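A short worksheet on the structure shown next.
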Amino acid sequence: MKFFALFIQRPVATTLLSLAITLCGALSFILLPVSPLPKMDYPFISVSAYMPGASPETMASSVATPLERSLGKIAGVKEMSSNSSLGNTNITLEFELSRDINGAARDVQAAINAAESLLPSGMPSRPRYYKANLSDSPIMILTLTSTNHSVGQLYDIASTYLAQKLSQVEGVSNVSVGGGSLPAVRIELNPNALFNQGVSLNDVSQAINSANAQRPTGHVDSAQQNWQVHTNDELKNADSYRSIIVHYRNGSPVRLQDVANIKDSVENTRVAGMSGGEPAIVLVIRRESGANIIATIDRIRAELPVLRESIPANIQFNIAQERSPTIRASLQEVKQSLAIAVALVILVVFLFLRSGRATLIPAIAVPVSLIGTFTAMYLCGFSLNNLSLMALTIATGFVVDDAIVVLENISRHLEAGLKPAQAALKGVREVGFTVLAMSVSLVAVFIPLVLIDELLGRMFRDFAVTLATAIGISLLISLTLTPMMCAHLLKSSPQKSQKRIRGFSKVLLKIQQGYGRSLKWVLNHTRWVLLTLIGIVVLNVWLYINIPKTLFPQQDTGRILGFVIADENSSFQSMRDKMKHFMQVINADPTVENVEGFTESSSGFMFIALKPLKERTESIEKVIIRLKGKLSNEAGAQLYLLPIQELKLGGRGGAKSIYQFALLSDDLGELRKWEPIIRKALAKLPQLTDVNSDYENKGSEIAIIYDRDLMARLGISVNEANALLSNAFGQQSISTIYLPRNQYKVVMEVAPEYTQDASSLEKMFVINAKGERIPLSYFARWQPANAPSGVYHQGLSASSTIAFNVAENYTLSDAISAIERTMTELSVPSAVRSSFAGIAQDFQKTQSSQLWVILAAIVTVYLVLGVLYESYIHPLTILSTLPSAGVGALLALELFNTPFSLIAMVGIMLLIGIVKKNAIIMVDFALEAQKSGKLSAQEAILQASLLRFRPIMMTTLSALFGALPLVLNSGDGAELRQPLGITIVGGLVMSQLLTLYTTPVVYLFFDRLRKKWHHRRTIKSQVVKSS
């Protein structure tokens, strides 16, 4: 009593307290970073190793396996997978979400050190690791083009200067450069000339190394002067290499130009970048973890004019794609929904209370509560993102509830003739406990969600804490500022209403009277209502089991990732032409704004940016279907397109479809036998589309078989023979050119015109210790064979990942069920194990955890209400409102053809907190009436239901109108917001229709049950006493 009186009697202090909350929130709002979704830093670490020329099988057995055995001992590793290809091994470690990434990185380095002694001695460098954030996509893509500069020169400028400068911009984590390689001197050997001159490849390599040798040469001192010693020991360009003497024949020098074509070129000639189908260097920029995307992009934009001034004027340096327009549009849509929600809930208050002064009170209380929440968001390290702003939008209907309950009760006393100060004090005292119970029990709903440290907890922690903070501030405001304003703004006599408002009031009165008559009938036929309630519970279970399910709504970000996979035997030139054609066709589509990408060897990928959503009539899914239709009949190459999502979960990188299904086996033969059988069976399923696999066995190889006995007689070692092949075909970097700005390689290989087919091996020879030229064909034979383009491991087992997309009109749950049935029907042997990976695996895990989280929320609310009411029974009465809300939510999702996702699950949890408010208002007043008015239970609940009908309608409509903008808004990011709004609106409508009747009936049922139990205990105690 004194607590409430303190704030009513000290209006200045109360006003300044509210002003302080508002000012702190406003300042925090300015400082909050902006991002599309909450910070989701998955602890991934990637380990890479390099051994030029080694086959995928060699890399897997000699490099990947030793590293995997050492890395597999690290604590907290959730999944370990590796990909070994020609000369490369990449191992990806996914850690548990609770694992500290920096501690994990130290353990990874220690594991690499422990495995180093087991690795091949021929590796040019130690394995390296880097921390990867797979959940974040590029924030900006830049292109570099020019008609006057070579690709190598453009790449040099981009990698040496531009990438370095852009990496220094605050908020930028990484700038990767693609579409080319650094300039290099390429030495293309003529095997016929080498044979005729008697020059081995090893002679050439040694001669070049000796001719280009930068070493310190010291200085010369005298008594008066010092001289630096400088020599012309470095060769700077192709011309300077031509005259190198590589051999002497009959006393005459054989120069490099006699046996090779030397030219200024690039390190890797089998990579190309394009923008809209034209040559370009592509810079891909990613942000630091937690950095403000919008601010980072703005800083990059501010830096670009400076960078353009520092590069040649005839180089075009442009922004191709960036994420800020979509993010800005999405957040603007949420802010608009928030503003509409605030306006709607204030309109509800005005319609019910029929007073401008009364409406002003929640019109002030709501913004104070919402703005004050920004302070907690800033202190917790949150950002302004879709989920946190959605929480504030939904909170609009919640924070006004507390003010409504207090305001409505005070208004009722004013209408009864009490003075404003007396009405304020009496009104807030009567409903203070009710407001406390409503707010605390609503916050309790999110306790299980916040405490979970897995996917659900990480994803919705911002949402839960933001909403809980808004409710907490609202509770404080409703018990302090609201009664103070009521005492000083409202008058004892009711305001005269406008005619249309009286009309609304009459309609409300008629509804209330009709409700009273129907409630009396219901209270006399409670059995049927209880049976209906049981039926609703059963219907809930049936609907949940049968409703289509997915993990996360697919967003229309306006960005598409494209993969082009050519036949393994396709040449690089053929692949580049196909890539150019694909990009030109895609770029010509009316919904496409631009397309960038690069290709390497027999594959390529593209970043496709669509026009803003307001400028196109088709969704991203329909655009993808149309583009694939245009390019599906291209011979020799296949196109895969998938929408880029703001949230990327685990799974193997580079997958060409969204969802993944992994096959594992310790028997590689069994895996190779069953993988194509399973893949073909899955490709026939109507629920799946774009089925593909990382296991390819179509690559061609030349299998060389040495005659070791003959080699021993000829004095040739296997090492020498392998060195010959490596120098000839491995594009070996044999020397380095040191220039002030960068270092450039000297690359040696047999000229491309001599390496078109296996016949080029016949031109290879080795010079033995006797100086004899011995052709490779003399001691070796070879034959064509098929070989995998990559070898994959998961854990320590061989693996293959089948990727797929969900077909139109199906959901992820449909696809998973179909795959599981197919695996059962195929009778796959136990030697081949299977499991879902990435998003599909997370979906399976969340399916089992969702029910437990919802159950934990209900139990938590029960415990809180039990403590507040000092009762085991009354919390059950209040929780009886939940089944009807669940049915309404699930039916609404079915009606809108929206699958049940994590967003919808959060909507269900919100309903747990919302719909019980009506029951709390009823039960609290019924209990008070029973205690003070000497009324029976039936009379008390009837009086409470009728007396509190107006605040129940106001709170329900406020929550409903707070969620309604999320349903109706169809702009950017609507895919995230609509499931939440649909769930809440559907649940509220059904709950409002049913709980006005079921709650009084359940209240009576438990009251009668309590009396029977008490009566039996009384009889038993009397029997005991009499005996």
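Glycine too: its Cβ is placed from the backbone N, Cα and C atoms.
Feature annotations, reproduced from Swiss-Prot:
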type: TRANSMEM; residues: 12-32; note: transmembrane segment
type: TRANSMEM; residues: 333-353; note: transmembrane segment
type: TRANSMEM; residues: 360-380; note: transmembrane segment
type: TRANSMEM; residues: 387-407; note: transmembrane segment
type: TRANSMEM; residues: 432-452; note: transmembrane segment
type: TRANSMEM; residues: 463-483; note: transmembrane segment
type: TRANSMEM; residues: 528-548; note: transmembrane segment
type: TRANSMEM; residues: 851-871; note: transmembrane segment
type: TRANSMEM; residues: 873-893; note: transmembrane segment
type: TRANSMEM; residues: 895-915; note: transmembrane segment
type: TRANSMEM; residues: 951-971; note: transmembrane segment
type: TRANSMEM; residues: 982-1002; note: transmembrane segment
TODO: Report the listed stretch (12-32, 387-407, 851-871, 951-971) having the maximum count of Cβ pairs within less than 8 Å of the transmembrane segment (895-915).
DONE: 851-871
Open item on the list: Counting CB pairs under 8 Å, which listed stretch among 12-32, 432-452, 463-483, 528-548, 873-893 touches the transmembrane segment (982-1002) the most?
Closed with: 873-893
TODO: Using a Cβ distance cut-off of under 8 Å, indicate which of 387-407, 432-452, 463-483, 851-871, 951-971 has the most pairs with the transmembrane segment (12-32).
DONE: 463-483
Open item on the list: Applying the under-8 angstroms CB criterion, which one of 333-353, 387-407, 873-893, 951-971 scores highest with the transmembrane segment (432-452)?
Closed with: 387-407
Open item on the list: Check the transmembrane segment (333-353) against the transmembrane segment (387-407) for contact, please; criterion is three or more CB pairs under 8 Å, pairs 6 or more apart in sequence.
Closed with: yes
Task: Non-local residues, at least 6 beyond the ends, that sit with Cβ under 8 Å of the transmembrane segment (851-871) - done: 433, 436-437, 440-441, 444-449, 452, 456, 878-879, 882, 905, 908-909, 912-913, 916, 920, 923, 927
Task: Close approaches to the transmembrane segment (951-971) from elsewhere in its chain (Cβ under 8 angstroms; 6 or more beyond its ends) - done: 329-330, 332-333, 336-338, 340-341, 344-345, 347-349, 352, 390, 393-398, 400-401, 404-405, 408-409, 508, 613-614, 914, 917-918, 921-922, 977-978, 980-982, 984-985, 988-989, 991-992, 996
Task: Intrachain neighbours beyond the transmembrane segment (360-380), with Cβ under 8 angstroms and 6 or more residues off its ends - done: 18, 21-22, 24-26, 28-29, 31-32, 338, 342, 345-346, 349, 388, 392, 395-396, 399-400, 403-404, 407, 462, 465-466, 469-470, 473-474, 477-478, 481-482, 485-486, 489
